[in-house]
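Engineer: Sharing the features that TrEMBL gives for it:
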BINDING   A:Cys38, A:Cys41, A:His42  heme c 1 binding site
BINDING   A:Cys184, A:Cys187, A:His188  heme c 2 binding site
BINDING   A:Cys309, A:Cys312, A:His313  heme c 3 binding site
DOMAIN    A:24-127  domain 'Cytochrome c'
DOMAIN    A:169-276  domain 'Cytochrome c'
DOMAIN    A:296-386  domain 'Cytochrome c'
SIGNAL    A:1-18  signal peptide
Amino acid sequence: MKTLMGVTLALVPLAGWAASTEYQDIERGRYISVLGDCAACHTVNDDQPFAGGVPLETPFGTLVAPNITPDATTGLGRWDYEDFKAAMTEGVGKGGYHLYPAMPYPSYTLMNEEDIHDLWSFLQTVTPVENAIEANQLPFPFSIRSVMMGWNWLNFDERSFEPDPEQSDEINRGAYLVEGLGHCGTCHTPRNFMGGAGGDKFAGATIEGWYAPDITPNAHVGIGGWSEDELVEYLQTGGNRYGFASGPMADEVHHSSQHWTEDDLYAVARYLLSGAGLESSDWDHAPPEPLPEDNPQVTAGSHIYFDRCSGCHTPNGGGEEGIFPQLASNPLVNGDNTTSLIRVVLAGSRPVATDAKPTAPAMPSFAWNLNDEEIASVLTFVRNSWGNAAPAVSAGEVADMREELRGD
Amino acid sequence: MKEKDDDAAPGGLTRRQLLGSSAALLVGASGAAKGLTFQGTPEWKPFDNVAVEPVDTDTAWQFFTDEEAATVEAIVERLIPADDLSMSGKEAGCAVFIDRQLAGAYGGYERLYMHGPFQDGTPEQGDQSALTPKQRYRLGLGALNDHCRNEHGAVFAELSEEQRDQLLAQLEQEEIQLDDIDTQLFFELVLTNTMEGFFADPIYGGNRDMVSWKMLGFPGARYDYRNYVERHNEDLGFEPVSIGGRPDWQTQG
């Protein structure tokens, strides 16, 4: 009887809310905030969501994501919907100041009105937190916000999402998520000298000392060899047989994509793997020939691999499903950009732990045991074995990374 | 025949009393314990490791005086003589290994409880001496050379191989009583440390070029043998590898 009462009492308010469209808008808005991964930059402490404070290192200096709770003095408490919409789609804050495009308004500009509206409805329900943030910590002249007027003129078009009538609804949904809310290109598309999106869309780029890999359908360096299931598995659980999300992607999976609906994840996978949105000439390059086995670095690297790596990654590079990534035929290994490869061997890595895969198996650090030349050799061997083919890694690259990481 | 109470536990307690009191003990213990609860994933730090600094074999003696070092080298050279199987303990760096160990935490037995009362104890209780390894070497090497000067008119290192072998045998058999230190305590420590130096990883200063591992066919500091565990009685062709690597790690040419 007691239990029954409890259930009834609990149901009454829920039923009342469910009838309210406002409640539905807010809940939709909560999901929009997950799709847009607002928390990645605006949440430092999970107890104070959206109170801002995540520092973003850009090539131009440090920006700190502001407080977007409804606090009147330090958050968005005095903003109205039109102010919010202008920030999301035009990169202009209340009163007309220019946002820096570390805030991905060049992507969010594609959001439809309903999504922006619901997101705003949700943000107004967040607990206000008093947390003053000085967002702009850039050096002169980048510290002058009006600089962004010129930047926007060169790098930004305010536009709305246009579905491609040639493509299925699912692919169009994927395009909306990838190009807009999910703002994948913010990290995965190389920046031009101004920090705007350059050519080579989705061809991979260095971000915060990590390599955001190529996500084109190229099978050798991109994700073209992955099945839709494998791509969804990566985004939903934080890893698949090729690797585990680390660095900034670990944050993305933790805050965002592990919570996406399966339909949305498959839409993203189908869109990315179809190459819709890209010209095939941009990504359809033939892979290089692997370096020969008698290359001195490959030979030395084969011994180091056998002695130090094969215990986990297995002698034939096959790895162990669910714990040790396979290195054979692995696009993450083949990329021209070796930032992440050198980094994980030097410093080790603890990838994301997700609800689906809570273990987060860590790669140990080898900085103490392998010198720069040895790390260069073993990576060169891995990049040219078992179906992989990629340029050699030099000891100098390893030395630079060692210094950069140690200097943190 | 005396009637036996099935419920009696040693000391006259019934089983129920015993269970009851252990339960109370557990409750009390858990109440007082300072437990740590871990949630989520354990802490992880970049560059985290349990690195060992490789011994620099080229520097001067860290603990031994020159005379002590010469004596230890003259001992390890005879405990492990050069033969068809390997170089000598001296060439393999056993004296360097012992010197660096004595200069470090081992020399003061830093990980052992080294406070009184010191009593002889039973053989099963093992080493009960108040002397640290540093003290044992200092006293033992000094006493050995005193003995050699008195009996042979020269320090140990100046004696012939035959003389040294005979002296070591006498030490082992306790036919010599050293001043200031128990002969057996000293000899066994030197013998043990010499073997450790010969077989330990080369980064600790001994086992030069992995000589003992090559002699035995020991594959060295490797991690996982799942692919080989079912392969018996065949040469797997493993080159021994030290924690610090092996020559094949270097690019050739």
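Including glycine, each Cβ sits where the backbone N, Cα and C put it.
Predicted, not measured: the structure shown is a model, and the values here were computed from it.
Map these features onto the structure and tell me what's around them.
Structural biologist: Listed in sequence order, A:Pro49, A:Phe50, A:Ala51, A:Gly52, A:Val54, A:Ala65, A:Pro66, A:Asn67, A:Ile68 are the same-chain residues at least 6 apart in sequence whose CB falls under 8 Å from the CB of A:His42 (heme c 1 binding site).
Listed in sequence order, A:Phe202, A:Ala203, A:Gly204, A:Ala205, A:Ala212, A:Pro213, A:Asp214, A:Ile215 are the same-chain residues at least 6 apart in sequence whose CB falls under 8 Å from the CB of A:His188 (heme c 2 binding site). DSSP assigns A:His188 (heme c 2 binding site) to a helix in the three-state reduction.
In three-state terms derived from DSSP, A:His313 (heme c 3 binding site) belongs to a helical segment. If you take the C-beta of A:His313 (heme c 3 binding site) and look for same-chain residues 6 or more apart in sequence within under 8 angstroms, you find A:Tyr305, A:Gly319, A:Phe324, A:Pro325, A:Gln326, A:Leu327.
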Engineer: If we check Cα distances from A:Cys309 (heme c 3 binding site), which of the binding-site residues A:Cys38, A:Cys41, A:Cys184, A:Cys187 wins as closest?
Structural biologist: A:Cys187
Engineer: Quick one: of A:Cys41, A:Cys184, A:Cys312, which of the binding-site residues has the smallest count of other CB atoms within 10 A?
Structural biologist: A:Cys312
Engineer: Among the binding-site residues A:Cys41, A:Cys309, A:Cys312, which sit with their Cβ under 8 Å from a Cβ of chain B?
Structural biologist: A:Cys312
Engineer: On the 0 to 100 pLDDT scale, where does the domain 'Cytochrome c' (A:296-386) sit on average?
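Structural biologist: Mean pLDDT for the domain 'Cytochrome c' (A:296-386): 95.
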Engineer: Compile a sequence-ordered list of residues in the same chain as A:Cys187 (heme c 2 binding site), six or more apart from it, whose Cβ lies below 8 A from its Cβ; state 'none' when nothing qualifies.
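Structural biologist: A:Ala205, A:Ile207, A:Ala212, A:Pro248, A:Met249 - these are the non-local Cβ neighbours of A:Cys187 (heme c 2 binding site), listed in sequence order.
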Engineer: In the same chain, which residues outside the set A:Cys38, A:Cys41, A:His42 have their CB within 8 A of the centroid of the CB atoms that define the heme c 1 site?
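Structural biologist: What remains near the Cβ centre is A:Asp37, A:Ala39, A:Ala40, A:Thr43, A:Phe50, A:Gly52, A:Val54, A:Ala65, A:Ile68.
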Engineer: Please report the Cα separation of A:Cys184 (heme c 2 binding site) and A:Cys312 (heme c 3 binding site) in Å, rounded to an integer.
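Structural biologist: So the Cα of A:Cys312 (heme c 3 binding site) lies 31 Å away from that of A:Cys184 (heme c 2 binding site).
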